[in-house]
Amino acid sequence: MTRPASVLAGPKSRPPIHSQGDKTIEYAEKLLSVFILVPFAGSLIAIFFPSDQRGAISWFAGAIALVCFLVTAGLYPYVASGGVLHYRIDWVPELGLNFTLRMDGFAWLFSALITAIGVLVALYARYYMAEEDPVPRFFALFLAFMGSMLGVVLSGNLILLAVFWELTSIVSFLLIGYWHHNAHARDGARMALTITGTGGLAMFVGLIIIGKIVGSYELDAVLASGDAIRNHPLYGTVLVLVLLGALTKSAQFPFHFWLPHAMAAPTPVSAYLHSATMVKAGVFLLVRFWPVMAGTEAWFWIVGLAGLTTLLLGAYFAIFQQDLKGLLAYSTISHLGLITVLLSLGSPLAAVAAVFHIVNHATFKASLFMAAGIIDHESGTRDIRRLGGLFHFMPITATLAMVASAAMAGVPLLNGFLSKEMFFAEAIETHLVNPLDTVTPYVATIAGMFAVTYSLRFIHGVFFGRPPADLPRKPHEPPRWMRAPLDFLVLACLVVGIIPAQTIGPFLHTAVLSVLREGTPDYSLSVWHGWNIPLIMSFVALSGGIGLYFLMRSYLATAVEGPPVFRLLQGQRIFERVLVTLSWKWARWLEQRLGTRRLQPQMRLLVFLALAAGASPLLLGNFELPPLVIRGIDPAFALLWAIGIACAIGSAYQAKFHRLASLVLLGGAGLVTCITFVWLSAPDLAVTQLLVEIVTTVLILLGLRWLPKRIEEPVAAEDISIRVRLRRLRDLLLAIGAGGGMMLIAYTVMTRPLPETIASYFLERAYREGGGTNVVNVILVDFRGFDTLGEIAVLCIVALTVFALLLRFRPQSDSLEAPEQQKVQNAFDDDHPDRAAGDSVAEYLFIPAVIMRWMFPVTGMLAAFLFLRGHDLPGGGFAAGIAMSIGFILQYMSGGTRWVEERLRIHPLRWMSIGLLVATATGVGSWFFGYPFLTSHAQYASLPVVGKFPLASAILFDLGVFSLVLGATVLILIALAHQSVRAPRAHAKAARSDKEAVR
């Protein structure tokens, strides 16, 4: 999108949300945009750190997180009394997609958790990660995940929320699979991405429907439309879709099974993802939409049933885990179920308790994961059956872990006790008269008892009892700074548990006020509320949990991992069976019913479906064909197209047995198309078409070299079976139908009365606003730059896919044989003892090789020429990238793979990534001036000799296109060229090296 140069002189005006005199609020709002971009910028920088600089990169990541935390703390005064900070940039306003950031008290609380625990995890990871681990990749992903989570909690637009939501799924997939050499890590990452990603897509559909109901995707408008959403006929559909996203993210039943398998990630990842970030995103969404979707019976049943089941099963499963991280994973599932139950009740006090427990759980669970990591790091195992008596070896760590475990169990004078008491108090209240409401207090008490049992097992089974005898390493206290995050978190558990009103009270009130607004109830954070039913429930849970542990202690010390009743009912097994059924069994069934693995039946089916889809509306819609009008036809143009049609038909006819001839004819059809563009005054298209024809012809020729040979055997007409004749007739009819249909559609479109088009709009504004006279190029890189960005992203994906497919490809055995001409040349060398194998080849290619090497700088200059003139004359980044790739193709053809790669630094993946980043950064840069994404700036400069010439920021975008197109083409070229390196030489003497064979 383009703005005139005069408009771009100053920042975009926007009606201020606050008084214009309050400059500090305006600065605070602008700070939001910088605040959310800092982690992503840090992620890009972190990846370039050397692998051996573990300390430097950890301090860098910690500094990024600390800066974000300090900014969050500095913004608290603006939201403390119910205020809301906004920062908005129009992105794609036609679709309702704006880059809107919104910080209220609840978003502030989550931002503080994300950044504060991020600082502690960065410090902890400095000592946890091994020297051989790729630490730059870890911290780059860590910072990217921090930025993604901040994007989720600060999103003020539903579409933007969905974008960041899925980004958290993708980055968490990479973090969980960080140790990708481990099969468990790969499986856990795949499971997490599949479940949370699918739930996110369902949530995305629900958010779109909410936007349609409200009439806006802005979160402020949605939060003000609770009655409209709840009373809408699509409320049930929206509720299910949004809850699918929330329940899958927070590992609620029946989607809970992915979380324990995510424990294959490094412990710092577990401490971060499962305390303040990923799994909390689901309950964040429930709290965020609580004012507009809660309070209905459907909400109570769906959310409450999922939460109660998760609360009970998670606690029960945690008791029987033998892996420390597995125990903590299932306890996390249970506590998330507790929060979900609170949010299902529809009571404002329950919502307060839910927000409070989110904070409490983040502190004690992060500390427990860190303690488990220290035990694993210093002893070499996390198996509870092998541990015991560690208090004598690491007393400080043991004391800290015991306090955190007591907080998890809900022991008085710790933060977990306070929110658990609030949970019990709400559980005994009557919300809706139904069986689920009746059983809630009993389930809550039993789950609390189970929580005491698994917490006591963590304490007693690890730190007391018989000392360990066969540990991989002798246990000892960790480095001081590795334990420092644990010290801080446990201290927070103690301080909040003793003086909650003076510590967490103001921040909790700020968060609750932003969610409940005028419905905020009166509540107390006092440690002592007298003798009441919740206190009795706590006493029953504590005493019952202690008794249950000592009854089961001997069994748990030797038992197989997993609960006795549900040991065979494993979510992973069900998940794998579903995947196998969908991706293999059903695929094989469809393959048997619809065709074979051969390409021809598959293409036949695709053409038939396309023909049916295109013909159905024409046949059923009562369309009338336009009258056939034959106007004056230029004989030369008709002859040109007759040649092109003949080439196309000949190429298809010869494709099976005469591939080279078919390729030549295909190039002829492409050349006719190129001439047609010239004929119809489209030189830009003609230049691009010509360059693409050159490159694709050579690449296809390289690919044909490695296909199995096909020899045509003459068959008499009378020997062809009726079945074969019918099959050929069927294919002919399909081809005629599809081709005729396309011809009919083209004729209909071209003979319609020409309505008013947008061509005049582009013609009038291309030079004035885009700074270029080449309207086609200005459209591609300016007016429709967002489309071009998507297209080059697709090109990047295609190139990577081709490279991945050819990476393990090995040619057919019959394609390894040397060509006949090379056989003759090698035989001549064999007959002369004074000649080495390959001398004839080297002599034969010497002159072409020298000429092609001279052509390399020429093609480089041609590419630069096309690139620089593209804004005013035919050319541009795409054509320049193709032209530059021709230079590399010539070098590979003349010098061979090894010769070229020994002399040139060819990094196509780097070129592609730089191109995509430059193109995207060009669009993002416009945000800093208050304009929508990819808004360009154009002005004119004057030099003494050159004179007046245009300068447009779109040239940077075009540079990104050039880099990506060049990288993608060369990557495919390398994938094909490397087949010659992998394939063994048929001639024994020529097998010495590619270098000797072609130089």
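In case you wondered, yes, glycine gets a Cβ from its N, Cα and C as well.
Marked as region 'Disordered' by Swiss-Prot: 1-20.
The transmembrane segment annotation in Swiss-Prot covers 31-48 (among others) and rests on sequence analysis. Residues 57, 60-61, 64-65, 67-68, 71-72, 74-75, 85, 87, 89, 101, 103, 136-137, 139-144, 146-147, 150-151, 154, 927 of the same chain sit 6 or more residues outside the transmembrane segment (31-48) yet have a Cβ under 8 Å from a Cβ within it.
Sequence annotations record features per position, and here Swiss-Prot assigns transmembrane segment to 63-85 (among others).
Marked as transmembrane segment by Swiss-Prot on the basis of sequence analysis: 138-160 (among others).
Under the heading transmembrane segment, Swiss-Prot lists 162-181 (among others).
Taking Cβ pairs closer than 8 Å, the transmembrane segment (191-213) reaches residues 96, 158-159, 161-162, 165-166, 169-170, 172-173, 176, 222, 225, 228-229, 232, 234, 237-242, 244-249, 255, 257-259, 261-262, 278, 285, 572, 575, 579 in its own chain, all 6 or more past its ends. Positions annotated as transmembrane segment by Swiss-Prot, on the basis of sequence analysis: 191-213 (among others).
If you look up Swiss-Prot, you'll see 299-321 (among others) marked as transmembrane segment, on the strength of sequence analysis.
According to Swiss-Prot, the transmembrane segment annotation covers 336-358 (among others).
According to Swiss-Prot, the feature transmembrane segment maps to 442-464 (among others), an assignment based on sequence analysis. Within its own chain, the transmembrane segment (442-464) is flanked in space by residues 308, 311-312, 315-316, 318-319, 321, 324, 327-328, 330-331, 334, 337-338, 341, 368, 375, 384, 387-391, 398, 401-402, 405-406, 408-410, 420, 423-424, 427, 537-538, 540-542, 544-546, 548-549, 552-553, 556-557, which lie at least six positions past its ends and keep a Cβ under 8 Å from the stretch.
Look at Swiss-Prot and you will find 488-510 (among others) tagged as transmembrane segment, backed by sequence analysis.
The transmembrane segment feature in Swiss-Prot is assigned to 530-552 (among others); the stated evidence is sequence analysis.
Marked as transmembrane segment by Swiss-Prot: 788-807 (among others). Within its own chain, the transmembrane segment (788-807) is flanked in space by residues 780-781, 908, 912, 915-916, 919-920, 923, 934, 957, 960-961, 964-965, 967-969, 971-972, 974-976, 978-979, which lie at least six positions past its ends and keep a Cβ under 8 Å from the stretch.
Packing against the transmembrane segment (955-977) from elsewhere in the chain are residues 695, 699, 702-703, 706, 777, 781-782, 785, 788-789, 792, 795-796, 798-800, 802-803, 806-807, 863, 867, 870-871, 876-878, 880-882, 884-885, 888-889, 892, 897, 906, 908-923, 934, 936: each is 6 or more residues past its ends and has a CB under 8 Å from a CB in it. Annotation comment: Swiss-Prot describes 955-977 (among others) as transmembrane segment, evidence class sequence analysis.
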Other parts of the chain folded back onto the transmembrane segment (336-358), taken as Cβ under 8 Å at six or more residues beyond its ends: 106, 109, 113, 247, 250-253, 279-280, 282-284, 286-287, 290, 294-295, 299-300, 302-304, 306-312, 314, 418-420, 422-423, 425-427, 429, 431-432, 440, 444, 447, 504, 508, 511-512, 515-516, 519-521, 523
Stretch in 63-85, 138-160, 162-181, 299-321, 530-552 most in contact with the transmembrane segment (488-510), if contact is a CB pair under 8 A: 63-85
